[in-house]
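Enquirer: Heads up, here are the entries from Swiss-Prot:
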SIGNAL    1-24  signal peptide
DISULFID  30-78  disulfide bond
CARBOHYD  34  N-linked glycosylation site
DISULFID  44-93  disulfide bond
DISULFID  47-131  disulfide bond
DISULFID  55-109  disulfide bond
DISULFID  59-111  disulfide bond
DISULFID  114-121  disulfide bond
């Protein structure tokens, strides 16, 4: 038996390990990024589109092969750690409608459990700049 098949197998295993290690470092970490978002509300005919900081990136998760009905699996997602709140004014709102909308600005992010009260935890959601009504932009 030749020594080459064993060396080939060892080389294959080493290359697979390197590719897996490199692949993990190519994923973007969970951190604040600049993103175009939109805000709108009932009684205001225009959707306001602007840039802000949101949390985005990869969090290491584990999904067990065996899922026991007695245990709970917790998946970590990239979510806000520290935030600052800013307020914008929507244009052309009807009389009696408060034109102000307050939104979080990401100062730092963390891989943590998804909080449904403050985050969109859907598997697939709308783009952050999706508008149902006519678009308007913040003045430069």
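Glycine is treated like the rest: Cβ placed from N, Cα and C.
Since we're looking at a predicted model, the values are computed, not measured.
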Enquirer: Please name which of the disulfide-bonded residues listed here, 44, 111, 131, is nearest in space to residue 78 (disulfide bond), Cα against Cα.
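Expert: So, of the listed disulfide-bonded residues, the one sitting closest to residue 78 (disulfide bond) is 111.
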Enquirer: Say we define neighbours as other CB atoms within 10 Å of the CB. Which of the disulfide-bonded residues 30, 55, 78, 111 has the fewest?
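Expert: Across 30, 55, 78, 111, these disulfide-bonded residues, the one with fewest Cβ atoms within 10 Å is 111.
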Enquirer: Counting every protein chain present, what is the number of Cβ atoms, excluding its own, within 10 Å of the Cβ of residue 93 (disulfide bond)?
Expert: 17
Enquirer: Considering the disulfide-bonded residues 47, 59, which residue's Cβ sits among the greatest number of other Cβ atoms within 10 Å?
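Expert: Answer returned by the neighbour count: 47.
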Enquirer: Rounded to an integer, what is the Cα-Cα distance in Å between the residue listed as 'N-linked glycosylation site' and residue 93 (disulfide bond)?
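Expert: About 27 Å separate the Cα atoms of these two residues.
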Enquirer: Filter the disulfide-bonded residues 30, 44, 93, 131 down to the ones within 10 angstroms of residue 55 (disulfide bond), Cα to Cα, kept in sequence order.
Expert: 30
Enquirer: Which residue, out of the disulfide-bonded residues 44, 109, 114, shows the minimum number of other Cβ atoms inside 10 Å of its Cβ in this structure?
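Expert: If we count Cβ atoms within 10 Å for the disulfide-bonded residues 44, 109, 114, the smallest count is at 114.
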